[in-house]
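What TrEMBL says about this protein:
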| type | residues | note |
| --- | --- | --- |
| DOMAIN | 16-390 | domain 'Major facilitator superfamily (MFS) profile' |
| TRANSMEM | 20-41 | transmembrane segment |
| TRANSMEM | 53-70 | transmembrane segment |
| TRANSMEM | 77-97 | transmembrane segment |
| TRANSMEM | 141-161 | transmembrane segment |
| TRANSMEM | 167-187 | transmembrane segment |
| TRANSMEM | 208-225 | transmembrane segment |
| TRANSMEM | 245-265 | transmembrane segment |
| TRANSMEM | 277-295 | transmembrane segment |
| TRANSMEM | 301-324 | transmembrane segment |
| TRANSMEM | 336-355 | transmembrane segment |
| TRANSMEM | 367-385 | transmembrane segment |
Amino acid sequence: MVLTTSVNTPVPSLKRLSILLSVTLVSGLNQGLLLPLLAILLDQRGVSSDLNGLNSMALYIGTFSTMFFIEKPIRKIGYKYGILFGLTLAGVGTILFPFMHALWIWFILRIAVGIGDSALHYCTQLWIVSSSPPASRGRYISLYGMAYGIGFSIGPMGINFISIEKWLPFALNTILFIVIMLFVMRLPSIYPERAEKLAASSNRYLHTYRIAWFALFPAVLYGLMEATMNSNFPLYGLRIHLSKEVISMLLPALGVGSLIVMLPLGMLSDRIGRKPVLIFCSLAAGIMFFMVPLAGNNAPLLFVLLGLIGGCIGSFFSLGLAYAADLLPRELLPSANVIASIHFSVGSLLGPSISGYGIQYISEKSMFIMLGCAFTLFALIGPLFRRASQSQTTTMI
């Protein structure tokens with residue numbers, strides 16, 4: 001067994017944490033804006049729901065592909081320059097959308113934005129998690145989730161700016177990227193911890209899966225939910241005769257619910273454990289997804305249901321990551337972060353395509369049946385997971 005000999009990353013200062021959370025907020029705003037905005041613009045151009053969903057997958061193709069090579073570059077250049085790279089790529093990709101009209105060019109731009117967002121999330125998540133004391137890790141990661149949730153909730157409201165100029169929401173978003181870059185440039189250069197060697201096979205990812213597969217699965221569900229709701233809920237809303245203005249106000253309900261309970265959930269998970277919190281929230285969200293079609297086009301009732309769903313699963317990704325950090329030795333955290341991001345991308349790729357085909361060929365309600373089944377199934381398999389003992393964990397390293 002060979003353990004890492006690197007020095008622990010210090011607990012982030014208030015200034016550093018504030019900047020990292022601001023990066024997360026702007027990244028969340030970008031994703032919260034682009035997914036529904038581009039879906040509505042394509043629908044106005046007469047693009048079918050299934051093709052619309054396939055095009056929206058491109059962002060997550062960028063996110064997914066990045067995870068196969070990002071770990072080594074970030075170990076070399078550090079968190080700071082990884083974040084600057086992500087901000088630059090996402091900002092340039094975003095500002096080009098209103099000036100390009102070919103569907104294949106939008107596909108490429110979405111991939112570029114996905115790569116940029118992936119770099120941002122990988123660096124900010126790992127920086128915060130790896131420097132958080134175990135006793136308060138749930139609170140720290142909840143702050144990360146809250147920042148993303150705030151941005152993601154504000155993002156859809158930018159849809160209303162297209163009534164002024166179609167390029168305006170894209171331009172405002174890019175300006176935010178530039179402003180936050182100025183603050184990131186003031187951060188110190190800090191690097192992830194290095195694992196010298198892991199067993200004979202050096203298969204860090206297999207070891208990570210063996211120890212923390214249940215903790216890494218919430219990322220799949222969160223990606224499935226986020227991409228489905230933001231890419232295809234606007235299409236669902238239009239088909240049940242909701243206006244674009246109402247849709248732009250309903251989508252933030254997920255974020256509002258998440259923000260209200262995210263920090264309390266993080267603190268509760270510090271006290272009673274991440275696993276029971278994840279199981280309960282998953283089961284409650286699954287039940288409420290089944291209830292959404294019953295609300296019809298009753299906007300206030302839809303807002304309440306979406307708010308409750310957001311409260312249950314808005315912190316799903318971050319709580320899963322915190323649970324993985326509880327289960328894993330410190331030197332496996334970068335690998336866990338990569339796996340979680342890949343899982344998120346897989347869910348995000350599946351969500352728009354499956355729900356898009358469901359809306360086009362089965363029923364607009366099928367997307368909620370799919371989400372309800374997925375979250376309920378996760379809650380049911382939860383009791384089967386058993387935490388590996390300390391001796392079992394160390395023998396894998």
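Glycine too: its Cβ is placed from the backbone N, Cα and C atoms.
Among the listed stretches 167-187, 208-225, 367-385, the one sharing the most Cβ pairs under 8 Å with the transmembrane segment (141-161) is 167-187. Taking the domain 'Major facilitator superfamily (MFS) profile' (16-390) as a whole, pLDDT averages 83 in the prediction. Between the transmembrane segment (208-225) and the listed ranges 20-41, 53-70, 245-265, 301-324, 367-385, the one holding the most Cβ pairs under 8 Å is 301-324.
Only pairs six or more apart in sequence are counted, and the transmembrane segment (277-295) with the transmembrane segment (367-385) gives three or more Cβ pairs under 8 Å, enough to call it a contact. Counting Cβ pairs closer than 8 Å and at least 6 residues apart in sequence, the transmembrane segment (20-41) and the transmembrane segment (245-265) reach three or more and so form a contact. For the transmembrane segment (301-324), the residues of the chain that approach it from at least six positions outside its boundaries are 125, 129, 137-138, 141-142, 144-145, 149, 208, 212, 214-219, 221-223, 225, 249-251, 253-262, 265-266, 269, 274-275, 277-278, 281-282, 284-285, 288-289, 291-292, 295, 333, 336-337, 340, 344, 375, judged by C-beta separation under 8 angstroms. If you look at the transmembrane segment (53-70), the same-chain residues 6 or more away from its ends with a CB under 8 A from one of its CBs are 31, 34-35, 38-39, 42, 47, 82, 103, 106-108, 110-119, 122, 223, 227, 231-232, 338, 341-342, 344-346, 348-349, 352-353, 355-357.
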